[in-house]
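This report concerns only the one structure given below.
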Amino acid sequence: MTQLAIGKPTPLGAHYDGQGVNFTLFSAHAERVELCVFDANGQEHRYDLPGHSGDIWHGYLPDARPGLRYGYRVHGPWQPAEGHRFNPAKLLIDPCARQIDGEFKDNPLLHAGHNEPDYRDNAAIVPKCVVVVDHYDWEDDAPPRTPWGSTIIYEAHVKGLTYLHPEIPVEIRGTYKALGHPVMINYLKQLGITALELLPVAQFASEPRLQRMGLSNYWGYNPVAMFALHPAYACSPETALDEFRDAIKALHKAGIEVILDIVLNHSAELDLDGPLFSLRGIDNRSYYWIREDGDYHNWTGCGNTLNLSHPAVVDYASACLRYWVETCHVDGFRFDLAAVMGRTPEFRQDAPLFTAIQNCPVLSQVKLIAEPWDIAPGGYQVGNFPPLFAEWNDHFRDAARRFWLHYDLPLGVFAGRFAASSDVFKRNGRLPSAAINLVTAHDGFTLRDCVCFNHKHNEANGEENRDGTNNNYSNNHGKEGLGGTLDLVERRRDSIHALLTTLLLSQGTPMLLAGDEHGHSQHGNNNAYCQDNQLTWLDWSQASSGLTAFTAALIHLRKRIPALMENRWWEEGDGNVRWLNRYAQPLSTDEWQNGPKQLQILLSDRFLIAINATLEVTEIVLPAGEWHAIPPFAGEDNPVITAVWQGPAHGLCVFQR
């Protein structure tokens, strides 16, 4: 049998050099590492990795070729109280594997044991890693590098976006290929989108609990192999990576960036009763935050938390991010529960992973977006990320909903959120674009559901409606659920228009949830993470073309307003913004704090947003000048000059002079 040569300790993973494959694996506490390769008949052949450089185990297999299927068995102490859970009876996934063959199905053999090890061998049912070689031709691909100030983000799910699209060929709907189809690209261009933000596409698994209920993890926030592309979104799993890159190349040619939602905060191994896939069996003590009793710190709500302050884990995470940029040409990342990235264990702006990203010539040049919290004490870190990061601005989300749907927000607070939440983000040289403004996102109500439901309806998730937030700041306008009288439908439509206008004409970087622009509903489910069905798939046949046109007109209007595009903080007297009351006069202190919900926002001295968020029709006296209502609030060539606007209840309008 062929013997392994010592090989090299870098790079991590399995790499083919034309003559054979070099294998490397980090483990600081292992006593022995076996490489397990599987032939075409599934027969396993084991080799001890002979090289041991510091904490890196390595070996070189001559004559090995791309397509080779492999895994690891790692020997070491079983000492749960110390955080060590080595069990060589369990085949392990290479954390740096580029491709995975097989499905992660619930099986008792995937468990390593709790207090005592489970010595039943599981190689027969564990998916295998696959050695790959890359010869992809990027041709003349170049990243669009859209300035932050010009960026419009569209958050979407690979499958849900196109699975029901009638104009995309049936055989590619719901796949990476569909993202790059001309129909999809033309739609995004016409809408005005500059960046497509995709929910996780790295290899993930469905939790055993969901599988037992006949459900699956639809969103993908349960990663197994962070370097491997999720094959279920490919027309052919063997060509998944090329299909994904073809889509990125097509999007880039259209000037659209691609941002990946990436999960570095936890793994699919869940808590100690969860499955053993990889990290727990390779070096549990190094990869995870471990409590004094040997259990996990659960700062993510998912059972475990990756220790992104450990040097080896920082190297692993950094290499993963570089891989997606260098191999797939992605333009940036949205980091799930990103406060974990800064834990040491307390949150620090100079945490090791932040420093590594800052110092990396590759990662420091792409768009970085944080979901700036986790569930641990001190986990709410909105506004506290390093200057390279933009952040999801939940202050904006809650303020917009409260202002238009709950009617309980002072004008001063609303204006602060409209002005990129400068009280939160104007620090450390950050620009207004650091505020990622959103009204909705994948988690929570859709925009339509915000105006149709007062309460969540998550019974289909199998948790008796306990899951999902109760703080929705929604308003059903008098009837719970979809449908209703013409008056009800119109009032809901007006609220949607108001929320979209607030989102798309505010300072900061707007993020639109896919489907909100044509009225998608999840029927009140505000936590549809396990609903891979028509609840989450966008139904293009039922799309509201009127709402889509309204949204596109707002985005194109935004691009005409210098105050929103220049990405500079607004200062008193700089001509970017003036805040006026219903009589076109500056607001008094009392009006800011206690005044009626009527406001005029004059942008760049030419564009006026007139707001009447009261229950009554109100006359709004416009500032001096010849004002015309403009799209989407009037036709392209509206000749009507307006001096006084009869503002409908809960209404707004945009004028130009």
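Using the three backbone atoms N, Cα and C, a Cβ is placed for every residue, glycine included.
The annotation active site, nucleophile is assigned in Swiss-Prot to D336 on the grounds of sequence analysis. Its Cβ taken as reference, D336 (active site, nucleophile) is surrounded by 24 other Cβ atoms within 10 Å in the chains shown. In this structure, D336 (active site, nucleophile) belongs to neither helix nor strand by DSSP; it is coil.
Cβ environment of E371 (active site, proton donor): R334, F335, D336, L337, A338, E391, W392 lie under 8 Å away, each six or more residues apart in the same chain. For E371, the entry in Swiss-Prot reads active site, proton donor.
According to Swiss-Prot, the site 'Transition state stabilizer' annotation covers D443. Non-local contacts of D443 (site 'Transition state stabilizer') by the CB criterion (under 8 A, 6+ apart in sequence, same chain) comprise W219, N526, N527, Y529.
Here the region 'Disordered' (460-479) has long-range neighbours at 210, 213, 215, 398, 401-402, 405-406, 444-445, 449-454, 488, 491-492, 495, 525-531, 535, meaning same-chain residues at least 6 beyond its ends whose C-beta is under 8 angstroms from one of its own. Annotation source Swiss-Prot lists region 'Disordered' at 460-479.
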Kindly report the helix/strand/coil residue split of the region 'Disordered' (460-479) according to DSSP, in that order.
2 helix, 0 strand, 18 coil
Under a three-state reading of DSSP, tell me whether D443 (site 'Transition state stabilizer') is helix, strand or coil.
coil
